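These features come from Swiss-Prot:
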ACT_SITE  Lys343  active site, proton acceptor
BINDING   His158, Glu167, Glu293, Asp318, Ser370, His371, Arg372, Ser373, Lys394  substrate binding site
CROSSLNK  Lys202  SUMO2 cross-link
MOD_RES   Lys5  N6-acetyllysine
MOD_RES   Lys60  N6-succinyllysine
MOD_RES   Lys64  N6-acetyllysine
MOD_RES   Lys71  N6-acetyllysine
MOD_RES   Lys89  N6-succinyllysine
MOD_RES   Lys89  N6-acetyllysine
MOD_RES   Lys126  N6-acetyllysine
MOD_RES   Lys199  N6-acetyllysine
MOD_RES   Lys202  N6-acetyllysine
MOD_RES   Lys228  N6-(2-hydroxyisobutyryl)lysine
MOD_RES   Lys228  N6-succinyllysine
MOD_RES   Lys228  N6-acetyllysine
MOD_RES   Lys281  N6-(2-hydroxyisobutyryl)lysine
MOD_RES   Lys281  N6-acetyllysine
MOD_RES   Lys335  N6-acetyllysine
MOD_RES   Lys343  N6-acetyllysine
MOD_RES   Lys406  N6-acetyllysine
MOD_RES   Lys420  N6-succinyllysine
REGION    405-434  region 'Required for interaction with PLG'
Amino acid sequence: MSILKVHAREIFDSRGNPTVEVDLFTSKGLFRAAVPSGASTGIYEALELRDNDKTRYMGKGVSKAVEHINKTIAPALVSKKLNVTEQEKIDKLMIEMDGTENKSKFGANAILGVSLAVCKAGAVEKGVPLYRHIADLAGNSEVILPVPAFNVINGGSHAGNKLAMQEFMILPVGAANFREAMRIGAEVYHNLKNVIKEKYGKDATNVGDEGGFAPNILENKEGLELLKTAIGKAGYTDKVVIGMDVAASEFFRSGKYDLDFKSPDDPSRYISPDQLADLYKSFIKDYPVVSIEDPFDQDDWGAWQKFTASAGIQVVGDDLTVANPKRIAKAVNEKSCNCLLLKVNQIGSVTESLQACKLAQANGWGVMVSHRSGETEDTFIADLVVGLCTGQIKTGAPCRSERLAKYNQLLRIEEELGSKAKFAGRNFRNPLAK
């Protein structure tokens, strides 16, 4: 079925910033998609087009991206009469029309909005659930429910506290199914709230952009200690492991790292990549840390390679790879990490997201699907993670509706699959392994 009409508009994300929403019409109805936006963005990401008109929304308006859809992309898609099931053809057409390496003409936010809406329409056109359509596009015969990685303590660029490292996550790998993983996550979260309240006072339980708590602590180890205590109090020590997103590019300073980067600058406290690696190794030794994302700066390739070779855990590339095939290929060759973080808006289309995922999986890497800190109520990534069988997703704490929207959609998918539902569990790094 071909596209009858495409209409884009400015809506608001969970931080009150404008973002792009796209309505796509076929004879089967209306399909709507909204685009997320990140706070700590890698310098190699596809370009998110903002208006930069300081008199409006602090320069963060997206009226230009919206206009590119309504005036240029929409007429082209309608006139070409392409079937909405032809995801790759449609994405390719938009990328060719844009003609730039990083989608800077139309904006990745424009192309992605249309791409997501096309994918939703394609599923209905085929008469299958979205996750099944995505699995078909990726060439997967089965679908898998992921382990959720709940970001329950926020630091870094996501929070106003002194904590340098951005995310402290709990992964309920010992759960029997996704519903139980949600219950464990929620119970640990509520226990954590009480632990923080008792230790630091009620105002320390205010939440950050992704629904996690942001107590004003400086020591990253203290974040891990709080998690360990909460997991124990909830009674899940044997079922929950810990993941971190350090987002080290945010505190990289001339070849070294500043673990107190939110205070006035003082080069005497900077530490070397080796010292930082030793700190991570002490975390791995003392706590059930099984995954660390962006442990070093996006261009500190040597430090990545050294750490991945010796750490023995999942090392996730986000700012390092930005889901870009060239960066992934380099990271594969240099053995810089062993897991890809997949954010659809880093690369800017469904087709390229699928390709990045397949490239990583083909090289024996894990893949973690991810939200952005500026989110909407759109639930596309819930279906994406199931269809791509990556086995792991991070989409915030079990708090704030834009985060729960994704987790609740995963609950619905598990229910719909019934006895056919498979949960990644402890095999979250390679859920398709026989």
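Quick reminder: no glycine exception, Cβ is built from N, Cα and C everywhere.
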Candidates His158, Lys202, Lys228, Lys281, Lys335, Arg372 (recorded positions) with Cα within 10 Å of Lys343 (active site, proton acceptor): Arg372
Additional residues surrounding substrate, by Cβ distance to the His158, Glu167, Glu293, Asp318, Ser370, His371, Arg372, Ser373, Lys394 centre under 8 Å: Gly38, Asn151, Gln166, Glu210, Asp245, Leu341, Lys343
Fewest-neighbour residue among recorded positions, criterion Cβ within 10 Å, set Lys71, Lys126, Lys343, Lys406: Lys71
Lys335, Lys394 as recorded positions, winner by CB count within 10 A: Lys394
DSSP helix/strand/coil residue counts for the region 'Required for interaction with PLG' (405-434): 19 helix, 1 strand, 10 coil
Binding-site residues: His158, Arg372 - member with fewest neighbouring CB atoms within 10 Å: His158
DSSP state at Lys199 (N6-acetyllysine), helix/strand/coil: helix
Candidate with the highest Cβ count within 10 Å, taken from the modified residues Lys60, Lys228: Lys60
Cα distance (Å, whole number) from Lys64 (N6-acetyllysine) to Lys199 (N6-acetyllysine): 48
Under 8 Å by Cβ from Lys5 (N6-acetyllysine), counting only residues of that chain that are 6 or more apart: Asp23, Leu24, Phe25, Ala74, Val78
Cα-nearest neighbour of Arg372 (substrate binding site) within the listed modified residues, Lys60, Lys64, Lys89, Lys228, Lys281: Lys60
